[in-house]
Each structure stands twice: as C-alpha cells, then as structure tokens.
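According to TrEMBL, the protein has these features:
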type: TRANSMEM; residues: 35-56; note: transmembrane segment
type: TRANSMEM; residues: 68-84; note: transmembrane segment
type: TRANSMEM; residues: 96-116; note: transmembrane segment
type: TRANSMEM; residues: 122-140; note: transmembrane segment
type: TRANSMEM; residues: 145-163; note: transmembrane segment
type: TRANSMEM; residues: 204-228; note: transmembrane segment
type: TRANSMEM; residues: 240-259; note: transmembrane segment
type: TRANSMEM; residues: 279-299; note: transmembrane segment
C-alpha cells in the first residue's frame, strides 16, 4: 500500500481549508451595464437638464406655442424606438470611456454659455442638448455613443430651426407642392389656377398651402423616415436612399393632403374643407410609413438586397 508524504498531505488539507483566493482588485474589474448604471444615467441626465433648464424651457415653449416646432415631441419617441430596436446590444456594453462623456458635457456647457451671452439662440439650445448627452455618457461610457449612435443623432431635431432657415427650406417645397397639386387637379378636370404657392379652385382662393407643407410636416416625415431606416436591419445604401427620398415623400404626402382639401374648399363649405384638412394632417404619418413599406416591398420584388443584419444582435 502506497503512502503519501506528510508534507504533501498537509499542503492538500491546507488548500481545501483555504478556499478561493481573494483578489483585492476584483471590485475594480469593469463589468457590464447594470440597473444601477441606468439609474445613475437618468439622474445625471436630469442634472444636465437642471443645469440648462432655461434653454429647455425655451425649447418646450416653442414646441407648445408654435405648431411649426411640434415635431419636437416626436424626437424622444423616435430615440427610444432606436434604443429598443438595438436592446440586445446592451449585453455587450461596458461603462468604459466615461471621461469621453465628461468632455462632451464640457463642450456642451461651452456652447451653452457662448450662445447665452452672445444671443445665438440655436447655439444656446444646441449646448443644452449636448450637455445632457454628455452627462448620460459620463455614466454609461463610450459604448452608449457608438452602439446607439442613431438614437443620439436624432436628438439634433430637438434644436428648433431659426425662422429664416425654416422659410428657406419651406418656400421651395410649398411651390413644388402647389405645382404638383395643380397638375393633379387639372388632370381630373378641376378648374384651378396657381399663383405662387396659392391655388384658386373654382374661382375660390384656397390659402391653405402654407399650412399643409410647413416644416411641421416636413420634419415629422423626416423623423418617420429616420425611424424606419434605422429601426429595421437595412443595408446602409438602402438607408441612404430612404433618407434622401424623405423630402420627396414629404411633398407626395402634402399633395395627398392638398388635392382633396382644395377641391372641398372650392366646391363645398370652408368649414368642411378645414375639417378634412385637419383629419388628413393626422393621417400623414401613417401614410408616409405605408409609402416607405411599399418602397421596401418594391425593392424586394426587384430582387434588390435590402436587409443586412439583425439590429438586436
């Protein structure tokens, strides 16, 4: 019968009694995101809003009082949809590179201060948005920026467009919408005349063209196109086509809204025309979404590769 040496037996018994070895740096090891990180990110975002509260009050006031800025309320919804569509990426994220968020917050504070003391409202608003983004990234780290980049980029629509830039974008689209609407009404035998962006239907002036194609609708449709292109695992080329075609989609939706409304204004009561105008305004977003779905189906029918990968993976 074999016998083990006393030294070997004593070492084995000591190893069993000792148990797992304690690592003093174990607690400093970087782990994945936890609920604590999410809570701290929300808290830091709230602190960022509190530090730039005057700018956020101004943004909220513009969004509630001026209908041209009402698309701002869609921005958080689209951003949350971008995050939800990429939710499975959270398991690959670690709270590293948090200093990057501090630098972004400092940059935002510089923009906020410069815009406030020099009277640049857009820079002031932009600084407030960047400060909040930086505060959140100071907790979640750089993975939140790179893995959820589309959800952060869409926040640029929170910044109200200055009136002169807004008119520069809106006026050409108003004229194009009026031209296409005139052609469609003429095609159906409706007596119509056009003067700039206004229509004269059955010798009745229809002064609703500006209401139908202001930036309120254009930016809302662009947000829908953005959510559609980055909410589905499309190829980057297809995403670029969808975003590039969003102004065309906006004009098409406005024509769908203007043509029946102008006809009702010309051949029925103005009250009925106004009611139809408001109803069609609410239907524009689902109609634009259906148009985008039709474009994707058309590309698939033409055997054009559309999908690339799973966003959640």
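Glycine residues also receive a Cβ, built from the backbone N, Cα and C atoms like all the rest.
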Sequence-remote partners of the transmembrane segment (68-84) [C-beta within less than 8 Å, at least six residues beyond its ends]:
59, 62, 148, 150-152, 154-155, 157-158, 160, 166, 214-216, 219-220, 223, 226-227, 230-231
For the transmembrane segment (96-116), I need the partner stretch with the highest count of C-beta pairs below 8 angstroms, choosing only from 35-56, 122-140, 145-163, 279-299.
122-140
Look at every Cβ pair spanning the transmembrane segment (122-140) and the transmembrane segment (279-299), keep those 6 or more apart in sequence, and say whether at least 3 of them are under 8 Å.
no
Under an 8 Å Cβ to Cβ limit, what residues of the same chain, 6 or more beyond the ends of the transmembrane segment (279-299), are close to it?
212, 217, 220-221, 224-225, 228, 232, 234, 238, 242, 245, 249-250, 252-254, 256-257, 260-261, 306
Cβ-Cβ under 8 Å with the transmembrane segment (145-163): same-chain residues at least 6 beyond its ends:
59, 62-63, 69, 71-72, 74-75, 78-80, 82-83, 86, 89, 92-93, 100, 121-122, 125-126, 129, 133, 137, 169, 215, 219, 222-223, 226-227, 230
